[in-house]
Amino acid sequence: LKMNSSVMNISEHLSCPLGFGHYNAVDICILETVVIVLLTFLIIAGNLTVIFVFHCAPLLHHYTTSYFIQTMAYADLFVGVSCLVPTLSLLHYSTGVHESLTCQVFGYIISVLKSVSMACLACISVDRYLAITKPLSYNQLVTPCRLRICIILIWIYSCLIFLPSFFGWGKPGYHGDIFEWCATSWLTNAYFTGFIVCLLYAPAAFVICFTYFHIFKICRQHTKEINDRRARFPSHEVDAAGETGHSPDRRYAMVLFRITSVFYVLWLPYIIYFLLESSRVLENPALSFLTTWLAISNSFCNCVIYSLSNSV
(Lines of atoms letter the chains of each structure in order from A and count residues from 1; the text may use other names and numbers.)
(Lines give C-alpha, C1' and ligand atoms only; values in the text may rest on other atoms or scores of the structure.)
Protein backbone atom coordinates (compact mmCIF):
# COMPACT_ATOMS: atom_id res chain seq x y z
CA LEU A 1 0.00 0.00 0.00
CA LYS A 2 2.82 2.34 0.85
CA MET A 3 4.45 1.53 -2.52
CA ASN A 4 1.21 2.13 -4.45
CA SER A 5 0.61 5.42 -2.70
CA SER A 6 4.14 6.61 -3.52
CA VAL A 7 3.70 5.65 -7.20
CA MET A 8 0.39 7.52 -7.30
CA ASN A 9 2.05 10.50 -5.66
CA ILE A 10 4.79 10.52 -8.34
CA SER A 11 2.25 10.16 -11.14
CA GLU A 12 0.46 13.28 -9.98
CA HIS A 13 3.61 15.31 -10.62
CA LEU A 14 4.55 13.69 -13.92
CA SER A 15 3.27 15.02 -17.22
CA CYS A 16 2.07 11.89 -19.01
CA PRO A 17 0.93 13.14 -22.38
CA LEU A 18 0.52 9.85 -24.20
CA GLY A 19 -3.21 10.35 -24.07
CA PHE A 20 -4.51 6.99 -22.86
CA GLY A 21 -6.81 8.40 -20.20
CA HIS A 22 -6.65 8.18 -16.42
CA TYR A 23 -7.24 4.42 -16.27
CA ASN A 24 -3.63 3.39 -16.84
CA ALA A 25 -1.91 6.76 -16.43
CA VAL A 26 0.45 5.38 -13.77
CA ASP A 27 1.56 2.50 -16.03
CA ILE A 28 2.19 4.90 -18.92
CA CYS A 29 4.23 7.21 -16.69
CA ILE A 30 6.35 4.31 -15.46
CA LEU A 31 6.84 3.02 -19.02
CA GLU A 32 7.82 6.51 -20.21
CA THR A 33 10.29 6.87 -17.34
CA VAL A 34 11.87 3.45 -17.96
CA VAL A 35 12.34 4.17 -21.70
CA ILE A 36 14.00 7.55 -21.13
CA VAL A 37 16.21 6.38 -18.23
CA LEU A 38 17.36 3.33 -20.21
CA LEU A 39 18.12 5.37 -23.35
CA THR A 40 20.00 7.96 -21.31
CA PHE A 41 22.21 5.27 -19.77
CA LEU A 42 22.85 3.47 -23.10
CA ILE A 43 23.68 6.69 -24.98
CA ILE A 44 26.17 7.90 -22.35
CA ALA A 45 27.83 4.48 -21.87
CA GLY A 46 28.01 3.69 -25.60
CA ASN A 47 29.54 6.98 -26.68
CA LEU A 48 32.00 7.06 -23.79
CA THR A 49 33.17 3.67 -25.08
CA VAL A 50 33.62 5.02 -28.62
CA ILE A 51 35.58 8.04 -27.35
CA PHE A 52 37.72 5.77 -25.15
CA VAL A 53 38.50 3.46 -28.11
CA PHE A 54 39.61 6.40 -30.27
CA HIS A 55 41.75 7.70 -27.42
CA CYS A 56 43.48 4.34 -26.94
CA ALA A 57 43.89 3.46 -30.64
CA PRO A 58 46.10 6.08 -32.36
CA LEU A 59 45.98 4.14 -35.66
CA LEU A 60 42.31 5.08 -36.03
CA HIS A 61 43.34 8.74 -36.33
CA HIS A 62 44.93 7.97 -39.71
CA TYR A 63 41.43 7.88 -41.22
CA THR A 64 40.21 11.37 -42.07
CA THR A 65 36.64 10.33 -41.25
CA SER A 66 37.74 9.73 -37.64
CA TYR A 67 37.48 13.51 -37.11
CA PHE A 68 33.78 13.41 -38.00
CA ILE A 69 33.10 10.13 -36.18
CA GLN A 70 34.61 11.52 -32.98
CA THR A 71 32.59 14.72 -33.39
CA MET A 72 29.44 12.62 -33.75
CA ALA A 73 30.41 10.62 -30.64
CA TYR A 74 30.85 13.78 -28.58
CA ALA A 75 27.57 15.23 -29.92
CA ASP A 76 25.73 12.00 -29.10
CA LEU A 77 27.35 11.90 -25.65
CA PHE A 78 26.04 15.41 -24.98
CA VAL A 79 22.61 14.20 -26.16
CA GLY A 80 22.74 11.57 -23.42
CA VAL A 81 23.87 14.11 -20.84
CA SER A 82 21.07 16.49 -21.95
CA CYS A 83 18.56 13.66 -21.52
CA LEU A 84 19.38 13.72 -17.80
CA VAL A 85 17.10 16.80 -17.63
CA PRO A 86 13.86 14.96 -18.54
CA THR A 87 15.12 11.90 -16.65
CA LEU A 88 15.47 13.85 -13.41
CA SER A 89 12.17 15.60 -14.14
CA LEU A 90 10.36 12.28 -14.48
CA LEU A 91 12.06 10.94 -11.36
CA HIS A 92 10.61 13.95 -9.51
CA TYR A 93 13.83 15.93 -9.01
CA SER A 94 13.39 19.66 -9.41
CA THR A 95 15.74 21.28 -11.92
CA GLY A 96 15.50 24.58 -10.06
CA VAL A 97 14.77 26.46 -13.30
CA HIS A 98 11.52 27.76 -14.73
CA GLU A 99 9.80 25.08 -16.80
CA SER A 100 9.48 27.16 -19.97
CA LEU A 101 13.19 28.05 -19.96
CA THR A 102 14.17 24.43 -19.22
CA CYS A 103 11.99 23.23 -22.07
CA GLN A 104 13.35 25.77 -24.56
CA VAL A 105 17.00 25.16 -23.66
CA PHE A 106 16.58 21.38 -23.73
CA GLY A 107 14.79 21.44 -27.09
CA TYR A 108 17.40 23.77 -28.57
CA ILE A 109 20.38 21.74 -27.34
CA ILE A 110 18.97 18.40 -28.55
CA SER A 111 18.19 19.92 -31.97
CA VAL A 112 21.66 21.45 -32.32
CA LEU A 113 23.42 18.23 -31.33
CA LYS A 114 21.41 16.11 -33.78
CA SER A 115 22.03 18.73 -36.48
CA VAL A 116 25.76 18.26 -35.87
CA SER A 117 25.37 14.50 -36.31
CA MET A 118 23.40 14.97 -39.53
CA ALA A 119 25.94 17.43 -40.95
CA CYS A 120 28.84 15.11 -39.99
CA LEU A 121 27.20 12.23 -41.86
CA ALA A 122 26.93 14.44 -44.95
CA CYS A 123 30.58 15.50 -44.61
CA ILE A 124 31.66 11.86 -44.22
CA SER A 125 29.89 10.99 -47.47
CA VAL A 126 31.63 13.91 -49.25
CA ASP A 127 34.98 12.79 -47.78
CA ARG A 128 34.53 9.22 -49.11
CA TYR A 129 33.38 10.60 -52.46
CA LEU A 130 36.57 12.66 -52.80
CA ALA A 131 38.71 9.69 -51.67
CA ILE A 132 37.32 7.50 -54.47
CA THR A 133 36.88 10.04 -57.26
CA LYS A 134 40.14 11.98 -56.66
CA PRO A 135 42.58 9.52 -55.06
CA LEU A 136 45.73 11.26 -56.36
CA SER A 137 44.85 14.75 -55.12
CA TYR A 138 42.87 13.63 -52.04
CA ASN A 139 45.65 14.33 -49.52
CA GLN A 140 46.04 17.87 -50.87
CA LEU A 141 42.29 18.52 -50.82
CA VAL A 142 41.51 17.04 -47.40
CA THR A 143 43.96 18.23 -44.75
CA PRO A 144 43.66 18.12 -40.93
CA CYS A 145 43.43 21.93 -40.83
CA ARG A 146 40.53 21.99 -43.31
CA LEU A 147 38.79 19.19 -41.42
CA ARG A 148 38.97 21.14 -38.16
CA ILE A 149 37.63 24.27 -39.87
CA CYS A 150 34.80 22.21 -41.36
CA ILE A 151 33.87 20.82 -37.92
CA ILE A 152 33.88 24.32 -36.39
CA LEU A 153 31.61 25.56 -39.19
CA ILE A 154 29.25 22.62 -38.59
CA TRP A 155 28.86 23.60 -34.92
CA ILE A 156 28.37 27.30 -35.74
CA TYR A 157 25.81 26.56 -38.47
CA SER A 158 23.88 24.13 -36.23
CA CYS A 159 23.74 26.69 -33.42
CA LEU A 160 22.54 29.48 -35.71
CA ILE A 161 19.89 27.58 -37.64
CA PHE A 162 17.81 26.80 -34.52
CA LEU A 163 18.37 30.17 -32.83
CA PRO A 164 15.08 31.75 -34.15
CA SER A 165 13.13 29.37 -31.90
CA PHE A 166 14.20 31.49 -28.92
CA PHE A 167 12.51 34.52 -30.50
CA GLY A 168 9.10 32.89 -30.78
CA TRP A 169 9.38 31.54 -34.33
CA GLY A 170 8.24 27.95 -33.87
CA LYS A 171 9.61 24.96 -32.01
CA PRO A 172 13.04 23.57 -32.96
CA GLY A 173 11.73 20.04 -33.17
CA TYR A 174 11.44 18.56 -29.70
CA HIS A 175 7.86 17.67 -28.81
CA GLY A 176 6.50 18.19 -25.30
CA ASP A 177 6.47 14.69 -23.92
CA ILE A 178 7.90 15.58 -20.54
CA PHE A 179 7.35 19.26 -19.84
CA GLU A 180 3.76 20.43 -19.82
CA TRP A 181 4.70 23.90 -21.09
CA CYS A 182 6.23 22.33 -24.22
CA ALA A 183 3.03 20.50 -25.04
CA THR A 184 0.52 23.26 -24.31
CA SER A 185 2.25 26.61 -24.85
CA TRP A 186 5.13 25.99 -27.27
CA LEU A 187 3.57 25.20 -30.63
CA THR A 188 5.24 24.17 -33.86
CA ASN A 189 5.20 26.56 -36.82
CA ALA A 190 4.85 25.39 -40.42
CA TYR A 191 7.13 28.14 -41.76
CA PHE A 192 9.87 27.44 -39.24
CA THR A 193 9.60 23.72 -39.92
CA GLY A 194 9.90 24.38 -43.65
CA PHE A 195 12.90 26.59 -42.92
CA ILE A 196 14.64 23.76 -41.02
CA VAL A 197 13.79 21.17 -43.68
CA CYS A 198 15.07 23.35 -46.53
CA LEU A 199 18.30 24.41 -44.81
CA LEU A 200 19.19 21.20 -42.96
CA TYR A 201 17.26 17.96 -43.55
CA ALA A 202 16.83 18.18 -47.34
CA PRO A 203 20.38 19.36 -48.24
CA ALA A 204 21.99 16.72 -45.99
CA ALA A 205 19.82 13.96 -47.46
CA PHE A 206 20.50 15.12 -51.03
CA VAL A 207 24.29 15.24 -50.49
CA ILE A 208 24.30 11.77 -48.92
CA CYS A 209 22.17 10.22 -51.69
CA PHE A 210 24.25 11.87 -54.43
CA THR A 211 27.66 10.89 -53.01
CA TYR A 212 26.85 7.29 -52.06
CA PHE A 213 25.12 6.67 -55.40
CA HIS A 214 28.29 7.71 -57.23
CA ILE A 215 30.57 5.92 -54.75
CA PHE A 216 28.89 2.55 -55.32
CA LYS A 217 28.60 3.21 -59.05
CA ILE A 218 32.35 3.84 -59.31
CA CYS A 219 33.18 0.85 -57.10
CA ARG A 220 30.98 -1.36 -59.29
CA GLN A 221 32.75 -0.12 -62.42
CA HIS A 222 36.18 -0.82 -60.92
CA THR A 223 35.10 -4.29 -59.78
CA LYS A 224 33.86 -5.03 -63.31
CA GLU A 225 37.15 -3.80 -64.83
CA ILE A 226 39.18 -5.94 -62.41
CA ASN A 227 37.09 -9.03 -63.23
CA ASP A 228 37.54 -8.38 -66.96
CA ARG A 229 41.33 -8.13 -66.50
CA ARG A 230 41.36 -11.35 -64.51
CA ALA A 231 39.46 -13.08 -67.32
CA ARG A 232 41.91 -11.81 -69.95
CA PHE A 233 45.14 -12.04 -67.96
CA PRO A 234 44.75 -14.64 -65.17
CA SER A 235 48.05 -13.78 -63.51
CA HIS A 236 49.17 -13.21 -59.95
CA GLU A 237 49.85 -9.51 -60.63
CA VAL A 238 46.27 -8.80 -61.64
CA ASP A 239 44.97 -10.67 -58.57
CA ALA A 240 47.21 -8.60 -56.34
CA ALA A 241 46.05 -5.40 -58.00
CA GLY A 242 42.45 -6.44 -57.51
CA GLU A 243 42.98 -7.16 -53.83
CA THR A 244 44.58 -3.78 -53.17
CA GLY A 245 42.22 -1.76 -55.36
CA HIS A 246 38.91 -0.27 -54.39
CA SER A 247 37.68 -3.25 -52.35
CA PRO A 248 38.75 -1.73 -48.97
CA ASP A 249 37.20 1.60 -49.97
CA ARG A 250 33.98 -0.17 -50.89
CA ARG A 251 33.86 -2.05 -47.56
CA TYR A 252 34.59 1.16 -45.64
CA ALA A 253 31.91 3.00 -47.61
CA MET A 254 29.44 0.20 -46.78
CA VAL A 255 30.06 0.62 -43.04
CA LEU A 256 29.46 4.37 -43.27
CA PHE A 257 26.44 3.80 -45.52
CA ARG A 258 24.90 1.53 -42.85
CA ILE A 259 25.42 4.22 -40.21
CA THR A 260 23.78 6.81 -42.47
CA SER A 261 20.90 4.50 -43.40
CA VAL A 262 20.08 3.67 -39.78
CA PHE A 263 20.21 7.39 -38.94
CA TYR A 264 17.58 8.26 -41.54
CA VAL A 265 15.42 5.19 -40.81
CA LEU A 266 15.19 6.28 -37.16
CA TRP A 267 14.77 9.97 -37.96
CA LEU A 268 12.33 9.72 -40.87
CA PRO A 269 9.21 9.02 -38.70
CA TYR A 270 10.17 11.98 -36.50
CA ILE A 271 10.63 14.33 -39.47
CA ILE A 272 7.32 13.21 -41.03
CA TYR A 273 5.44 13.70 -37.76
CA PHE A 274 7.17 17.06 -37.24
CA LEU A 275 5.91 18.22 -40.65
CA LEU A 276 2.38 16.91 -40.07
CA GLU A 277 2.11 18.49 -36.61
CA SER A 278 3.44 21.81 -37.88
CA SER A 279 0.81 21.79 -40.64
CA ARG A 280 -1.90 20.98 -38.03
CA VAL A 281 -2.74 17.80 -39.94
CA LEU A 282 -1.94 15.40 -37.10
CA GLU A 283 -1.47 15.86 -33.37
CA ASN A 284 -0.99 12.69 -31.32
CA PRO A 285 0.92 12.69 -28.00
CA ALA A 286 1.72 8.97 -28.30
CA LEU A 287 3.24 9.40 -31.76
CA SER A 288 5.09 12.47 -30.55
CA PHE A 289 6.73 10.50 -27.75
CA LEU A 290 7.55 7.45 -29.88
CA THR A 291 9.00 9.33 -32.87
CA THR A 292 11.01 11.72 -30.68
CA TRP A 293 12.70 9.07 -28.58
CA LEU A 294 13.12 6.72 -31.55
CA ALA A 295 15.15 9.48 -33.20
CA ILE A 296 17.14 10.15 -30.03
CA SER A 297 17.91 6.41 -29.74
CA ASN A 298 20.09 6.77 -32.84
CA SER A 299 22.74 8.28 -30.56
CA PHE A 300 23.25 4.78 -29.15
CA CYS A 301 22.71 2.82 -32.39
CA ASN A 302 25.86 4.30 -33.98
CA CYS A 303 27.98 2.58 -31.31
CA VAL A 304 26.36 -0.79 -32.11
CA ILE A 305 26.94 -0.36 -35.85
CA TYR A 306 30.64 0.45 -35.29
CA SER A 307 31.17 -2.75 -33.31
CA LEU A 308 29.15 -5.00 -35.65
CA SER A 309 30.49 -3.60 -38.93
CA ASN A 310 34.18 -3.10 -38.23
CA SER A 311 36.30 -5.28 -35.98
CA VAL A 312 39.00 -2.58 -35.80
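Every residue gets a Cβ built from N, Cα and C, even glycine.
A TrEMBL annotation is a machine prediction, not a hand-curated record.
Residues or ranges marked as transmembrane segment by TrEMBL: 34-60 (among others).
Per TrEMBL, the feature domain 'G-protein coupled receptors family 1 profile' maps to 46-306.
Residues or ranges marked as transmembrane segment in TrEMBL: 72-93 (among others).
Panel annotation: around the transmembrane segment (105-126), residues 65, 68-69, 71-72, 75-76, 78-79, 82, 85-86, 150-151, 154-155, 157-159, 161-162, 165-166, 171-174, 179, 182, 186, 200-201, 203-204, 207-208, 211-212, 215, 256, 259-260, 263, 267, 295-296, 298-299 of the same chain, lying at least six beyond its termini, place a Cβ under 8 Å from a Cβ of the stretch. Feature annotation from TrEMBL assigns transmembrane segment to 105-126 (among others).
For 147-170 (among others), the entry in TrEMBL reads transmembrane segment. Note on the transmembrane segment (147-170): residues 64, 67-68, 71, 104, 107-108, 111-113, 115-116, 119-120, 123, 187-189, 191-193, 195-196, 199-200, 278 of its chain, located 6 or more positions outside it, place their CB under 8 angstroms from a CB of the stretch.
Packing against the transmembrane segment (190-215) from elsewhere in the chain are residues 115, 118-119, 121-122, 125-126, 128-129, 132-133, 161-162, 164-165, 169-173, 253, 257, 260, 264, 271, 274-275, 278-280: each is 6 or more residues past its ends and has a CB under 8 Å from a CB in it. The transmembrane segment annotation in TrEMBL covers 190-215 (among others).
Look at TrEMBL and you will find 255-276 (among others) tagged as transmembrane segment.
Summarising the annotation, TrEMBL assigns transmembrane segment to 288-308 (among others). Sequence-remote contacts of a segment are chain residues at least 6 beyond its ends whose Cβ falls under 8 Å from one of its Cβ atoms, and for the transmembrane segment (288-308) they are 17-18, 32, 35-36, 39, 42-43, 46-47, 49-50, 69, 72-73, 76, 79-80, 83, 110, 114, 117, 174-177, 255, 258-259, 262-263, 266-267, 269-270, 272-274, 277.
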